[in-house]
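Worksheet for the structure shown next.
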Amino acid sequence: MEKPASGVHPGRLNVARYLVRFGVNPAALAYAMTTLGAGMINNIFSFYYVKLFLNKYQISEGAFHRSQVVFMVWNAVNDPLFGYLQDNSRVRWCSQRRLSILYGAPLYSLAFLLAWFPWRSYEPDDWLSGLHLMVALCAFDAMLTFVLLAQCALFAEISTQHQNRLRLIKYSQVASLVGSSSILFCGVLSRNMEDFGAFQAFNVLIAILSCGCMLYTGIHSESRYDNKGSDSDIPGSADHQSAFSFTTLRMLMWQILTNRDFQLFVVMNFFQVFILAFFNNFTMIFAEHLIPPDVLPPVAMSIMYGAGFICPQLLVLSCQSLLQGLGYYKIVLFTFYMEAGMAAVMLAIGPQHYYILACFLTVNMVIIQAAFSLFGLPLADIIDTDLQTYKRSSPLSSMVFGTNALFTKPAQSLAPMITLNILNRFGYEQLKDAGRDSDPSTLESLHSVMFYLVCLVPMCVAALQVLAWRPFSIRNSHTVDAKYIDG
């Protein structure tokens, strides 16, 4: 990997030398610690917040949709805004990736805790629960965006070599594997949120651990552009631009948006974010309704949910040689064919085969998350192409990741909104508390809709992703040692 930039703090160099003696790459470890910290809290948040607000806080469907609409708008707008600021700001804590993570980590962990502590004892359809959801979603996403955009930029800026980027992915997947275990432990210790006090206590502990991990990145990571060249080389310096300019923002976004490969990636990624949110938010609800408790007891359910978040990292780690040999393009395309094929087989088999259905839900979560873990590679290649095409002095890493999020993040809100609307049309809102004691015919209708959603949504989404991904032209970056010279 590249030599450290000049001006690196002696303490960080001493830590780096110590790690090298044990065969650990210090740059990759520093990068992966944010993955570990973010993975601990992101997985818990996405997996539990929908069920918490629907079932425990008993939020109304209208308030849920309003919160999701506000979240969808904020979710889309803040990514390119933060991306522009991080790439063009003259303030060090914003422009330097390391400092963005260092100062953002404590607020990120605090924002994670907002959802788990009710502001009062909520009545059914309480307006305050809707406001609580809106604030929790927007605050959590704002800090997630600020910290993880900086980390995404680090991925593109630590190295331009494919082999070194694969090393970052390898370390990141190990960290994500450890971080994903938070779902398993949370489910077991809180009995899938039945013991709400234990659930809250566990999340406080996880927030503290997560913050510590991300602070390590903020102290020890380095971008090749943090200390490179004169101030005139920095996109946000006075010689580069005098102040925040919407004209400059519009020009840079237009240059990014006219990249054909970026357009194709964004379309494909939108559907990946949609299907990922679909399974993260509703797998627990689907499993509880479609799989009888005498078939899979609560402990087995917890293990199943944990496997859905832990096994993707094992899959990616085991495919390192395939990534080097085949490249990400063919592997991602294969996962789409596999998702569509499994969904078709499950639809043909039917919902009465409970163990097969449990495996199908788990494997789907694994494949979708594993493929999503590779998406930093095509975005990094797009950043490299943009850097060469427009002969920039430094890459627009945060802007490219942020502009991608502008179009893909709305899928995080659309997935739960559309799915909940469909379920409520078949009586989910009335039946979610009554469970299996409800009217059998109504319950059977709801379960039938759930099963068709579980099969048809991934099948249709995968078909659309194949159409979007096949024309993508950057397919051989794994065969190129370096696409431009590292300074």
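Positions of Cβ are set from backbone N, Cα and C atoms, glycine also.
TrEMBL labels come from automatic prediction, so no person has curated them.
Residues or ranges marked as transmembrane segment by TrEMBL: 28-50 (among others).
Sequence-distant contacts of the transmembrane segment (99-119) (same chain, six or more residues past either end, CB-CB distance under 8 Å): 34, 37-38, 41, 44-45, 49, 52-53, 57, 86, 92-93, 128-129, 132-133, 135-136, 139-140, 142-144, 146-147, 149-151, 199-200, 203-204, 206-208, 210-211, 214-215, 217-219, 221. Taken from TrEMBL, the feature transmembrane segment applies to 99-119 (among others).
Under the heading transmembrane segment, TrEMBL lists 131-156 (among others). Listed as Cβ neighbours of the transmembrane segment (131-156) (distance under 8 Å, sequence separation of 6 or more from its ends, same chain) are residues 31, 34-35, 38, 42, 45, 49, 53, 57, 59, 63-64, 66-68, 70-71, 74-75, 78-79, 82-83, 86-87, 97-98, 100-101, 104-105, 107-108, 111-112, 114-115, 118-119, 165, 168, 214, 217, 221, 223, 376, 379-380, 383-384, 395, 397-398, 400-402, 405, 409.
Look at TrEMBL and you will find 168-190 (among others) tagged as transmembrane segment.
Look at TrEMBL and you will find 196-219 (among others) tagged as transmembrane segment. Beyond the transmembrane segment (196-219), the same-chain residues lying 6 or more positions past its ends with a Cβ under 8 Å from any Cβ of the stretch are 12, 30-31, 33-34, 36-38, 40-41, 44, 48, 56, 98-99, 101-106, 108-110, 112-113, 116-117, 147, 151, 182, 185-186, 189-190.
According to TrEMBL, the feature transmembrane segment maps to 262-287 (among others). With a threshold of 8 Å between CB atoms, the same-chain residues lying at least 6 positions outside the transmembrane segment (262-287) that come near it are 43, 46-47, 49-51, 192, 256, 296, 301, 304-305, 308, 339, 358, 361, 364-365, 368-369, 371-372, 375, 378-379, 382, 400, 403-404, 407-412, 414-416, 419, 450, 453-454, 457-458, 461-462, 464-465, 468-469, 471-472.
Among the features that TrEMBL reports, transmembrane segment is placed at 299-319 (among others).
Residues annotated as transmembrane segment in TrEMBL: 331-349 (among others).
Distant neighbours of the transmembrane segment (355-380): 152, 155-156, 165, 169, 172-173, 176, 261, 265, 269, 272-273, 275-276, 279-280, 283, 286-287, 290-291, 295-296, 304, 307-309, 311-313, 315-316, 319, 323, 328-329, 331-332, 335-336, 338-339, 342-343, 346, 349, 400-401, 404, 451, 454, 458, 472, 474, 477; these residues of the same chain sit at least 6 beyond its ends, with a Cβ under 8 Å from one of its Cβ atoms. The transmembrane segment annotation in TrEMBL covers 355-380 (among others).
According to TrEMBL, the feature transmembrane segment maps to 449-469 (among others).
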